[in-house]
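Engineer: Sharing a structure, written as C-alpha cells. Questions coming.
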Amino acid sequence: MDDLLREFLTESAEHLDTVDAELVKFEQDPNNQVILRNIFRLVHTIKGTCGFLGLPRLETLAHAAENLMGRFRDGFPVSSASVTLILATLDRLKAILADLEAGGTEPAGSDADLIEALDAMSQMPAEAAAPAPAAAPLVVQALERELKPGEVSLEDLERAFMEAEGPDDLPPLPPLPAIPEAPASVAAATPAPVAPAPVVEKAPESKPVEMTAEAAEAAQKNRTIRVNVETLEHLMTMVSELVLTRNQLLEIARRHEDTSYKVPLQRLSHVTAELQDGVMKTRMQPIGNAWQKLPRVVRDLSSELSKGIELVMVGAETELDRQVLELIKDPLTHMVRNSADHGIESTVERIRAGKPAGGTIRLSAYHEGGTISIEIADDGRGLDLAAIRRKAVDRGIATQADLERMSDSDVAKFIFHAGFSTAAVVTSVSGRGVGMDVVKTNIESIGGMIDIATQRGQGTTFTIKIPLTLAIISALIVESVGQRYAVPQIAVRELVRIEAEGTNRVERINGAPVMRLRERLLPITSLASLMDGDMASASSDAPVSGFVVVAQVGRQRFGILVDEVFHTEEIVVKPMSSKLRHIPLFAGNTILGDGAVVLIVDPNGIARKVGQGVASGDAADQTDEAGEAALDKATLLVFKGGGSFKAVPLSLVTRIEEIDAGKIEWLAGRPLIQYRGKLMPLVPADPAIEIRSQGSQALVVFSDGDRAMGLVVDEIVDIVEDHLDVEIVADRSDLIGSAVLRGRATDIVDVSHFLPLAYDDWARGPRTPKAKNPTLLLVDDSAFFRNLLTPVLKAAGYEVATAASAEDALRLLKSDATISVVVADLEMPGRTGFDLVAAMRKGGGRLGDLPVIALSGQIGPESITKARALSISDLVAKFDRSGLVAALGELNTTPLDQAA
Amino acid sequence: MQAANTNASETAVSGEHDYVTVFVGDAMFGLAIERVHDVFMPSGVTTVPLAPREIVGLINLRGRVVTALCLRRRLGLPDREPGAACMAIGLEQGSETFALVTDGVGEVLKLGAETCEPVPINLDARWRDLASAVHRLDGRLLVILDITALLAFGEAIAA
C-alpha cells in the first residue's frame with residue numbers, strides 16, 4: 001500500500017497541476033469540450049483513486065468538485081466565480097495531499113465549507129438543458145452502444161458511482177496502471193450494488209469508448225515510461241565517462257599512425273556521440289513543465305488586482321535539461337508574477353493610455369545555439385529609467401558619470417541590484433518588486449544571463465539565456481604556471497594578447513595590474529596570483545607575454561592574465577571533491593582528451609576575489625564607496641613616484657617645492673631639511689623612490705600649524721581638475737585607490753598614511769596641549785572622505801570618531817557622551833546630514849545643542865537657510881580643509897564653551 | 001570519533017581480518033581490506049591551488065577523478081624526498097574515490113584478535129585519532145588506520 005500511496009501522490013500532484021492550468025484555459029474558452037473532458041477525467045481519476053485507497057476526505061471533496069464540473073459538461077454556464085471555487089478546492093486537495101505525504105495519513109479536518117459551496121453551485125438551475133450540444137451525443141452514443149437500453153446521463157452515472165461506495169469490495173485489482181481506470185469502470189455500472197466481477201469485466205470495454213476523443217493521447221501515454229531520475233543520472237555519468245575515454249582514444253590515435261585503428265575508432269566516436277545525444281535527450285524536459293503553474297498564478301493575480309491579464313505561452317515544448325529546468329522554475333514564476341503585479345498597469349490606466357484594457361504577458365522559449373532563450377514580455381508601463389538613474393545615484397551604486405555612459409538596458413539592470421527594488425521610491429514609481437536580485441543570482445548561478453529591454457509606456461521584455469545543460473560545457477583551455485585550467489566559455493568576452501610595449505600592455509598601479517581596453521581601464525588579475533591565494537604578491541615582475549582573458553560576470557568586467565591559451569573544448573563537468581568544494585575559485589574539474597585532470601575555473605568566484613583584493617573589512621562596499629567619491633569634482637596634484645603616476649587632493653597641499661638635494665640632512669636615519677627656519681621631515685611617496693643626493697629634489701609640502709612634512713616625489717607632473725572616479729581600490733594603506741586622470745592610470749595617495757611617518761605624534765593627538773581634548777564625530781558615507789579628513793581633524797586637536805551613516809552617527813551620539821562636536825556630510829544616501837541634524841535637534845537634551853558643522857559639495861542659498869533653521873554652526877565646502885579647521889576654531893571659542 | 005570507536009570494536013570482536021599494509025617512513029600501517037579498492041602508481045597529479053595541505057591533487061584513475069591525499073601529511077610527517085617512489089591506495093567513501101598516497105604497499109596480512117591491542121594512550125593526539133588498533137607482529141608493530149577518520153578532514157567531514 002505504501003508504494004501505491006506514493007505513486008498516487010506523485011500522480012495526483014501532477015494531475016492537479018495540469019487541472020490548474022487547464023481550468024484557466026477553460027475559463028477563457030468555456031465551449032472547448034476537449035479541455036473540459038480533460039479536467040473532468042483528471043479530477044475523476046483522483047476521486048476514484050482516493051476511494052480505492054481509503055481516503056474519504058479527499059474523495060468527498062474531489063467528488064463535490066467533480067459534480068460541479070459535471071454540470072459544466074452538461075452545459076452549465078462557466079462563471080469566473082465557479083472556476084475560482086474549483087481552484088480553491090484544488091488548493092485544498094493539494095494541501096491535504098501535502099499533509100498526506102508528510103504524515104502518511106489523511107489529516108483531520110472538515111471541508112464542509114467548500115463542499116457546501118460546490119454543492120450550492122451545482123444545484124443552481126442552469127437555463128440550458130442538461131445535455132450539452134457537443135458532449136452529450138458523444139457520451140450517449142457511447143453508452144448506448146455498450147450498455148442496456150436505458151441510457152443514463154453522466155450525472156446519474158456519477159451519482160451512482162458515489163453510491164457505489166466501497167471500492168474496497170472490488171476484487172484485487174491488477175497493479176498500478178489499472179488504478180486510474182478502475183473507478184471509471186465502476187461508473188459504468190449503473191445499478192448501484194453490483195457484483196464486482198461484471199464491473200471488472202466491463203472495464204476494458206468502457207475504457208476505449210469513454211476515451212475515444214483522447215485515444216491518440218492515451219496511445220501517446222503508453223509509449224512513455226517512468227524512469228527513476230537516479231538511473232538517468234547514472235546513465236549520464238557513464239556516457240560522460242565514455243565520451244572522455246573516446247577523447248583519450250582519439251588523442252592516442254592521433255599520435256600513432258596506425259590506420260587500422262582509424263575506422264573502428266571513427267565508428268566508436270560516432271556511436272558515442274549519438275549515445276551522448278540520446279542520453280542528453282532523456283534528461284530533457286519541455287520547459288512547459290516549469291510553466292505549468294503560471295496560468296494559475298496570473299489568473300489569481302489578475303482577479304486579486306482586478307486587472308485583466310492574459311498569459312500567452314509560446315514554445316512550451318522547447319526542451320532543456322531537467323536540472324536547469326528545476327533551477328529556473330522559481331525565478332520564472334517570480335518574474336511573471338512581477339510582470340503581472342508591477343509591469344501591467346491597472347485597467348483604468350491602460351484605457352487612459354489608449355491601450356487595450358487587458359494586459360498581456362508573453363512567455364516564449366526557443367533554442368538558440370547551445371542555449372535556450374526565454375522571454376518574458378509584458379505590454380505594461382515599462383521601467384521608469386529616470387527614476388532608476390536617480391535612485392542609483394542616491395544609493396551610491398553608480399555615479400552620474402557612469403550613468404551617462406550606460407545604455408538604457410544597463411541602467412535597467414540596476415533593478416537586479418540587491419536591495420534596490422525594495423526601496424519605496426522605485427517600487428512605487430517604476431515597480432518591479434522585491435527579489436529581482438535573487439532571480440538574477442539564480443540565473444547566473446547556472447551560467448545564465450539576463451537582459452532587459454524596456455520602453456516607457458510600451459512594456460518590458462526580460463530575456464534570459466541559459467545553457468541547455470550543465471553537464472557538458474564549452475570551455476577555453478588556458479595555462480598558468482605550467483598548469484592547465486578550463487574557463488567556461490560563457491564568461492569569456494574576448495582574448496587579448498599582451499605585448500611588452502604598445503597599447504596592449506599591462507600597466508601597474510601600485511603593483512595592481514590594469515590594462516586599457518578601448519578607453520576603459522580593465523582590472524586584471526593573474527591566474528597565478530589567484531592560485532597563490534595572495535593577490536598582492538606575484539605582481540612585481542611585469543609579464544611581457546601572455547594573454548588576458550576578458551571575462552564578464554554580471555556587470556563586473558575583469559581580465560584574467562594567463563600564460564597561454566590553447567583551444568576551446570567541450571568538457572564534461574565533474575563536481576569537485578567534497579574536500580575541495582569550499583574553494584571558491586573552482587566550479588569543478590574535468591578530464592581532457594589527453595587524460596589530464598584539469599580544474600574548471602569559476603568566473604563568479606574570481607569576480608568575487610577580484611573585488612576582494614581591496615583593503616579589508618567592508619570589501620563589498622568598496623567599489624560603491626569609490627563611486628560615491630566620484631560625485632565631486634576634485635582638483636588633484638599629479639606627480640610621478642615609484643614608476644607610476646600618483647595624485648593627491650590639491651586642497652591638502654601647502655606648497656610644492658624644488659629643493660637642492662645637497663641640503664637634505666639625515667638625522668637618526670631620517671631625512672630632514674631645513675625649511676623656513678625649521679626642520680622638516682621628508683617621507684618618500686613610495687618605497688621605490690630614492691631620495692636624491694644631488695641635483696634638485698621635488699617635494700610636496702603638507703603643513704598644519706607650525707608643522708610641515710615634505711613628501712618626496714620624483715617629478716611634479718600636473719594639476720588636474722577631474723571627476724575623481726576611483727576605479728580600483730588598492731590594498732595598501734598608503735593609497736586610497738586608483739583612477740583614470742587625463743587618460744592615465746593614477747594612484748590616489750592617502751596623505752593620512754604619511755603624516756604619522758613624519759611625526760610620530762601627528763596622527764595621535766594635538767601638539768598643543770589643551771585643557772580638554774574634545775571628541776569630534778565625523779559623519780560621512782564615503783570612506784574616502786573619512787580617511788581624508790580624519791588626520792586633518794586629529795591634527796586640529798580632536799579625538800575623532802567616525803560614522804558612515806546617519807543611523808551610525810545617532811547611535812554613537814547616544815552612546816558616547818564625550819562627543820562635543822559633529823562634522824557631518826550633508827549628501828548621504830538614505831538619511832542625509834540634514835536628517836541627522838533634525839533628528840538630533842528633535843531629541844533635545846545634549847544632542848539638541850551639540851554644535852554641528854556641515855560639509856557639502858554644493859552650498860546654495862537653500863541649504864544655508866535650512867542649515868540655519870537647524871542651528872548648524874557652519875557650512876563648509878567639502879574640500880575646504882582650512883575652512884573646516886577655521887570653523888572648528890570658531891566653535892572652540894564660542895558655542896563649545898557655552899555648552900561646556 | 002564515533003566512527004573510530006565502532007571501527008575499533010569491530011576489529012576487536014570478530015576473529016580474523018585482512019589488512020593491506022602500507023609504509024610511510026619507518027612505520028607500517030594496516031588498512032582494512034574491504035575499504036581498499038585499488039593499488040596503483042599515482043601519476044599525472046593535478047595540484048589544486050588553495051586546497052587543504054593534506055590534498056596532493058587530483059588524479060585520473062581510469063576515467064574517474066580521484067582526490068589524492070598524502071598519508072605523510074595527514075599524519076603530520078615531513079614530505080618524502082622529491083622523486084622518491086610512492087604508491088597509492090584507492091579508497092571509496094560515499095560516492096567519492098580518494099587515493100591515499102603512501103611510500104609503499106606491502107603484503108596483505110591476516111590478523112586475529114590475539115595480537116590486537118588498543119591504541120596506546122601516549123600516542124600523538126593526531127595519530128590517536130586516526131588509529132583504531134595496534135597489532136603486535138614479529139619484530140614490529142602494525143598500526144591499524146581508521147579509514148573513515150583518515151578521510152574526515154578539511155571543510156566537509158564526511159558523515
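Here the Cβ of each residue, glycine as well, is placed from N, Cα and C on the backbone.
Annotated domain 'HPt' per TrEMBL: A:1-100, in sequence order. Here TrEMBL flags A:His44 as phosphohistidine. The feature domain 'Histidine kinase' is assigned by TrEMBL to A:231-470. Marked as domain 'CheW-like' by TrEMBL: A:472-612, A:633-760. What TrEMBL lists as domain 'Response regulatory' is A:775-893. Look at TrEMBL and you will find A:Asp825 tagged as 4-aspartylphosphate.
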Engineer: Short question: most Cβ pairs under 8 Å with the domain 'HPt' (A:1-100), which of A:231-470, A:472-612, A:633-760, A:775-893?
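Structural biologist: Out of the listed stretches, A:231-470 contacts the domain 'HPt' (A:1-100) most.
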Engineer: For A:Asp825 (4-aspartylphosphate), which DSSP three-state class applies?
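Structural biologist: The three-state answer is strand.
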Engineer: For a quick check of packing: other C-beta atoms within 10 Å of the C-beta of the residue listed as 'phosphohistidine', how many?
Structural biologist: 25
Engineer: Among the recorded stretches A:231-470, A:472-612, A:775-893, which has the greatest number of Cβ pairs closer than 8 Å to the domain 'CheW-like' (A:633-760)?
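Structural biologist: It is A:472-612, which has the most Cβ pairs under 8 Å.
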Engineer: Whole-number answer please: how many Å between the C-alpha atoms of A:His44 (phosphohistidine) and A:Asp825 (4-aspartylphosphate)?
Structural biologist: 69
Engineer: Far apart in sequence but close in space: which same-chain residues, 6 or more away, have a Cβ under 8 Å from the residue listed as '4-aspartylphosphate'?
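Structural biologist: Non-local contacts for the residue listed as '4-aspartylphosphate': A:Val779, A:Asp780, A:Asp781, A:Ser782, A:Phe785, A:Gly833, A:Ala854, A:Leu855, A:Ser856, A:Lys878.
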Engineer: Please list, for the domain 'Response regulatory' (A:775-893), how many residues fall into helix, strand and coil according to DSSP.
Structural biologist: 61 helix, 26 strand, 32 coil
Engineer: Over the domain 'CheW-like' (A:633-760), work out the mean pLDDT and round it to an integer.
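Structural biologist: In the predicted model, the domain 'CheW-like' (A:633-760) has a mean pLDDT of 75.
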Engineer: For the domain 'CheW-like' (A:633-760), jot down how many residues DSSP puts in helix, in strand and in coil.
Structural biologist: 14 helix, 78 strand, 36 coil
